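Q: My questions will all concern the structure given below.
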Amino acid sequence: MVCFRLSPAPGSGLFLLCLVLGAVSSYALELNLTNSEKATCLYAKWQMNFTIRYETTNKTFKTVTISDHGTATYNGSFCGDDHNGPKIAVQFGSGFSWTVNFTKELSAYSIDSIFFSYNTNDSTTFPDAKEKEVFTVYDRVMFTIPLNDIFRCNSLSTIEQNSVVQRYWDVHVQAFVQNGTVSTKEFLCDKDKSATTVVPVIPTTAPAPTTTPTPKEKPEVGSYAVKNSNGTCLLATMGLQLNVTQDKVASVFNINPNTTDVTGSCHPQTALLRLNGSNIKYLDFVFAVKNENRFYLKEVSVSMYLVNGSVFSIANNNLSYWDAPLGSSYMCNKEQTVSVSGTFQINTFDLRVQPFSVMEGKYSTAQECSLDDDTILIPIIVGAGLSGLIIVIVIAYLIGRRKSYAGYQTL
């Protein structure tokens with residue numbers, strides 16, 4: 001936990017702002033705002049990213065996705081006073097800022113409005129923007145929540161306005177916290193309500209068998225890239241097939257790279273590749289460095305909609321796949337299975353990944369998986385042949401001895 005002691009805010013004295021990264025997943029934001037009495041007055045935990053469409057000097061349009069908030073500051077966040085409601089203010093990157101305001105009624109509070117600003121003078125993010133200035137988009141949310149309830153919305157929520165798409169998920173927020181204690185009573189958004197509806201189960205005399213999914217054809221191979229201020233920092237090429245088992249019903253989903261969005265972030269010790277589409281809220285691959293000279297796939301988390309409309313979510317941060325030296329890529333052309341849990345596996349095809357040390361946007365020399373290494377087959381084949389020959393010789397010898405023995409008995 002990283003804490004910042006900020007300057008006095010009107011009506012609230014000194015207050016303490018604490019940020020926790022990775023509370024829900026590796027790149028979540030968590031804010032615990034306290035007043036002068038060190039009592040919690042506002043609590044929030046959420047994930048977000050922004051996609052901006054802008055016009056270039058060539059009169060074409062480009063899009064850029066902002067998802068790395070690792071350099072965030074929180075100047076201007078405060079608990080509220082007699083004249084102003086609570087506010088969360090976040091600044092990150094080169095000229096990005098995000099603010100959410102809250103208001104209070106008699107027995108409820110509201111997420112009142114959201115402001116997002118970006119600066120196209122940032123030549124790294126917007127290298128060829130036609131207009132160089134600060135743009136601000138404003139959305140009047142006016143979402144009302146009962147007082148002393150914490151609002152929860154794990155589902156993806158999207159706001160699209162003025163060439164900017166804002167995405168929010170895994171949101172937990174409570175303003176006007178009573179007596180310094182965050183409530184355990186949740187007020188759900190509509191998407192989470194429908195996703196958590198329980199279907200009645202009719203008792204049976206015998207447990208229902210797990211259905212076997214219909215085999216699907218090999219998925220299409222997609223190429224994905226994550227960029228930061230220094231250029232391309234992560235490369236991935238692969239066909240992905242998701243195997244999900246829920247309520248003893250097995251399903252297979254092939255990811256279509258043509259309808260899949262990619263975001264992510266790169267850090268010295270970790271890197272994130274995030275995929276999302278129409279039925280996939282997020283599919284995260286988190287890579288990590290070990291022993292200062294190798295990388296591996298450490299974590300996979302997924303949240304997706306199934307055919308019946310329910311939401312399937314699971315995560316495992318203790319994996320060890322796709323191990324290769326830093327400065328190289330990992331490659332496995334044969335089908336490979338990443339077992340995330342007993343209910344979720346990922347089959348990969350024509351896989352190649354490099355989450356660190358990407359140079360000039362190209363893959364480095366690849367370390368191949370053992371499945372691709374055909375040289376190991378040669379000693380296996382030779383050994384099997386020799387073993388077979390020895391067995392034939394031994395059997396022939398035993399048969400010959402048996403016949404000779406039988407001849408002696410006749411005489």
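Cβ from N, Cα, C; glycine included.
Marked as signal peptide by TrEMBL: 1-28. Feature annotation from TrEMBL assigns disulfide bond to Cys153-Cys189, Cys332-Cys369. Among the features that TrEMBL reports, transmembrane segment is placed at 376-399. Here TrEMBL flags 378-409 as domain 'Lysosome-associated membrane glycoprotein 2-like transmembrane'.
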Q: At a 10 Å cut-off from the C-beta of Cys189 (disulfide bond), count the other C-beta atoms across all protein chains.
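A: Summing over all protein chains shown, Cys189 (disulfide bond) has 17 other Cβ atoms within 10 Å.
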Q: Which one, from the disulfide-bonded residues Cys153, Cys332, Cys369, has the smallest tally of other C-beta atoms lying within 10 Å of its C-beta?
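A: Candidates: the disulfide-bonded residues Cys153, Cys332, Cys369. Fewest Cβ atoms within 10 Å: Cys369.
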Q: Between Cys332 (disulfide bond) and Cys153 (disulfide bond), how many Å separate their Cα atoms?
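A: Cα to Cα, Cys332 (disulfide bond) and Cys153 (disulfide bond) are separated by 38 Å.
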Q: In whole Å, note down how far the CA of Cys369 (disulfide bond) lies from the CA of Cys189 (disulfide bond).
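A: That separation, Cα to Cα, works out to 44 Å.
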